[in-house]
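As recorded in TrEMBL, the features of this protein are as follows:
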| type | residues | note |
| --- | --- | --- |
| TRANSMEM | 20-40 | transmembrane segment |
| DOMAIN | 27-170 | domain 'SLC41A/MgtE integral membrane' |
| TRANSMEM | 85-104 | transmembrane segment |
| TRANSMEM | 116-134 | transmembrane segment |
| TRANSMEM | 155-178 | transmembrane segment |
């Protein structure tokens, strides 16, 4: 609960400042996408454990509580493949949402390629961290004979809110700083379409 509250506090402190104009539009998107993807992966790993294990006992190939991040994303194991598929949905999904936001709220959207790159990077960082933590938390809760669906998803979605809001704040700040240094703060780029 406190993770979501910290995310709300960050949003509350930044939303009224000029350099963060449009942040309220992007916050539900970055937090929602990250939270949904990590909930899918958590449920997927939990189902896998229900099929192959007994609560309290991890399968032999999952004995390590803190797996190497490479084993989470780069192996041929089914949960690793699932993590890669979910990670591959981040950029196209956010680009679609960005385009829709631009069409609906064009005047609020930072219209620069730099912002789009920062935004996509932030969303990739958020989802990568969340998918790795899902793997770790599911193993730990399963070892304690707790149901990972009930115990991990609320924590991970709350952490997704905090990470998403914090990283989005950094995106807006970096965009503002780079535009200020370039002398473009008072000017907007031609609004011919989304970057």
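We number each residue from 1, going along the chain as drawn.
Each residue, glycine too, has its Cβ placed from N, Cα and C.
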Per the Cβ filter (under 8 Å) with a sequence gap of at least 6 from its ends, the transmembrane segment (20-40) is approached by 7, 11, 14, 86, 89-90, 93-94, 97, 101, 105, 108-110, 119, 122-123, 126-127, 130-131, 133-134, 153, 156-157, 160-161, 163-165, 167-169, 172-173, 176
Give the nonlocal contacts of the transmembrane segment (155-178) in its own chain as ranges (CB under 8 Å, at least six residues past its ends). 1-4, 6-8, 10-11, 14, 19-20, 22-23, 26-27, 30-31, 34-35, 38-39, 42, 110, 112, 114-115, 118-119, 122-123, 125-126, 129-130, 133-134, 137, 185
